[in-house]
């Protein structure tokens, strides 16, 4: 289940890059969790004749970070170096790629199992994996677990991966056929995902193949033909993001942020902060990959954003002045603002996405501010 800190760790790891007609940014934050178990991969230009291909992935570890870390360093090699992926001479076909991805997952899982056995089963960790392999003609969505990826095309969610949960009928059938059960929506009442890399305690049913175990390492792979005119961006994120934001919400929020800044790291940081303030208690990681026709910065949107920030600053000042000598706490300020009809809040993010703006004004104007106050708590905020 995971243990929690008294205060969230809000320091972020960031990266960004560009190439092959793509731009990407990423952000990850430990948040309320005692350990940071997420990992990620971002590679533009693959080796072995695949210079025009790119690969991105997010790994959400559980019961430790070992599997997530190993996969972020080695999964891509297992995918692109197996014979199913390479196929015959020339560029791999769509079926080569899909089969190679599946083979790569099974191979790395078996490799990690052997390594774990050599250590007498010392590593009990596991990890989800969600990724995209982007060729000049296709985008291959890859998913194993309950992290999620989506494609925004022509201002709408065009595709999103399906979470692998034990309560899903097909997943539940496999679990039961392997002698397991689904209780409180968990495998044997314990694990909240039905597919993952690692988790070898759930992969030891004799007489069953690797994809027939209580927990399967087999990914779902979907190939989507690229559309130069309509493809805008891809979001890959762990469930710490999706727990508090739906597909359309996050798509709308990211699109609105891209209209006010072209800094993809900043956009990802805003996603992570907003999800923290919406109540996410998990590690959070997000990768944003933009195609050439992603939304561009709009002077009108920038102006509206500045006007909104100014409006919020004035309202915070008014709320503080109205209280006279007794300065209200930040929770009271946020609740007051939440009860108002504030125009032009970012879609999907709403007031939570402006928490940093509100808090900065509050701290500047509050003469009694205690630096030890836990201003990051979201308990009972709304």
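Cβ coordinates come from backbone N, Cα and C, glycine included.
What Swiss-Prot says about this protein:
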BINDING   60, 239, 282  Mn(2+) 2 binding site
BINDING   60, 61  Mn(2+) 1 binding site
DOMAIN    23-291  domain 'PPM-type phosphatase'
LIPID     2  N-myristoyl glycine
MOD_RES   375  phosphoserine
MOD_RES   377  phosphoserine
Nearest-integer angstrom distance between the alpha carbons (Cα) of residue 282 (Mn(2+) 2 binding site) and residue 61 (Mn(2+) 1 binding site): 11
Cβ neighbours of residue 239 (Mn(2+) 2 binding site) where a neighbour is any other Cβ within 10 Å: 21
Helix, strand or coil at residue 61 (Mn(2+) 1 binding site) [DSSP, three-state]: strand
Cα-to-Cα gap, residue 61 (Mn(2+) 1 binding site) vs residue 239 (Mn(2+) 2 binding site), nearest whole Å: 11
Candidates 60, 282: member of the binding-site residues with the richest Cβ shell (10 Å): 60
Output field, Mn(2+) 2 shell: CB within 8 Å of site CB centroid, site 60, 239, 282 dropped: 38, 128, 146, 147, 238, 240, 241, 242, 243, 283, 284
